[in-house]
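Chemist: Below, the features straight out of TrEMBL:
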SIGNAL    1-22  signal peptide
DISULFID  CYS32-CYS49  disulfide bond
DOMAIN    63-213  domain 'Cupin type-1'
BINDING   ASN108, HIS113, GLU118  oxalate binding site
BINDING   HIS111, HIS113, GLU118, HIS159  Mn(2+) binding site
Amino acid sequence: MKGVQFLVAFVVLALASSFASASDPSPLQDFCVAIDDYKSGVFVNGKFCKDPKLATPNDFFYSGLNIPRNTSNPVGSTVTPVNVAQIPGLNTLGVSLVRIDYEPYGQNPPHTHPRASEILFVQEGTLYVGFVTSNTDNKLFTKVLNKGDVFVFPIGLIHFQFNVGKTNAVAFAGLSSQNPGVITIANAVFGSDPPINPDVLTRAFQLDQKVVKSLQAKFWWDNN
């Protein structure tokens, strides 16, 4: 009986451990400023750590997020990330930020963040936003957001934003990872390198193969 109880306890602890590691792990020190020089650092969660004694305020600083970005591109938006690549001090802290600029009727196309949930704040403009749940429901949750509104996109789910106003829009979003990653659906499916076999996409999307090949021949803009 004790053996069974021990086994059950072990399984519960193992499951709890797997759930706890489903997102960025908690840091084991005050900070771990990311560096590229492996000779003078320790490898932690994707980045080498600078000796804490050598850290400076600039390791935790970024400037310029107040500057509007150029949105003259095929999707009409530009994402400005502030993650561990821009602020080395974010390494192991499990947070990051983006600014998103939209021209009138511009959009941040359907995409997903494989490693982060997102909370979006609209600073200016009116955005139609939404996300789709996983199979088999594929339920769409949408909302029209105005200045000062906030909306949450759960981790890993396909989501989008579309500027339905006649003026520029600006939003800021916090993400629950130092490096959330982004997969833009159309770019990944039709713009992969090398291309996915058209036979696969023809059947998957139930399209004529000529349409698939035409889509694969397009240039898919990355707004990040």
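Each residue, glycine too, has its Cβ placed from N, Cα and C.
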Chemist: Starting from the Cα of HIS113 (oxalate binding site), work out which of the recorded positions (CYS32, CYS49, HIS159) are within 10 Å.
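Modeler: So the list is HIS159.
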Chemist: Around the Cβ of HIS159 (Mn(2+) binding site), how many other Cβ atoms lie within 10 Å? Please give the count over every shown protein chain.
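Modeler: Around the Cβ of HIS159 (Mn(2+) binding site), 22 other Cβ atoms lie within 10 Å.
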Chemist: Tell me, which binding-site residues from ASN108, HIS111, GLU118, HIS159 are within 10 Å of CYS49 (disulfide bond) if we use the C-alpha atoms?
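Modeler: Taking ASN108, HIS111, GLU118, HIS159 one by one, none has a Cα falling within 10 Å of CYS49 (disulfide bond).
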Chemist: In Å, rounded, how far does the Cα of CYS32 (disulfide bond) sit from the Cα of HIS159 (Mn(2+) binding site)?
Modeler: 31
Chemist: Roughly where does the domain 'Cupin type-1' (63-213) sit in mean pLDDT, to the nearest integer?
Modeler: 96
Chemist: Starting from the Cβ centroid of ASN108, HIS113, GLU118, the recorded oxalate site, name every other residue in that chain with its Cβ within 8 Å, sequence order please.
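Modeler: Neighbours found: VAL98, HIS111, THR112, ALA116, LEU120, PHE153, HIS159, ALA173, LEU175, PRO180, VAL182.
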Chemist: Calculate the distance in Å between the alpha carbons (Cα) of GLU118 (oxalate binding site) and HIS111 (Mn(2+) binding site), and round it to a whole number.
Modeler: 12
Chemist: Given the Mn(2+) site residues HIS111, HIS113, GLU118, HIS159, which other residues of that chain have a Cβ within 8 Å of the mean position of their Cβ atoms, reported in sequence order?
Modeler: THR112, ALA116, PHE131, PHE153, LEU157, ILE158, PRO180, VAL182
Chemist: Among the disulfide-bonded residues CYS32, CYS49, whose Cβ has the fewest other Cβ atoms within 10 Å?
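Modeler: Per-residue Cβ counts within 10 Å for the disulfide-bonded residues CYS32, CYS49 bottom out at CYS49.
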Chemist: Counting only residues 6+ apart in the same chain, whose Cβ is under 8 Å from the Cβ of ASN108 (oxalate binding site)?
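Modeler: Within the chain, ASN108 (oxalate binding site) has Cβ neighbours under 8 Å at VAL75, SER77, VAL79, ILE100, TYR102, PHE160, GLN161, PHE162, ASN223.
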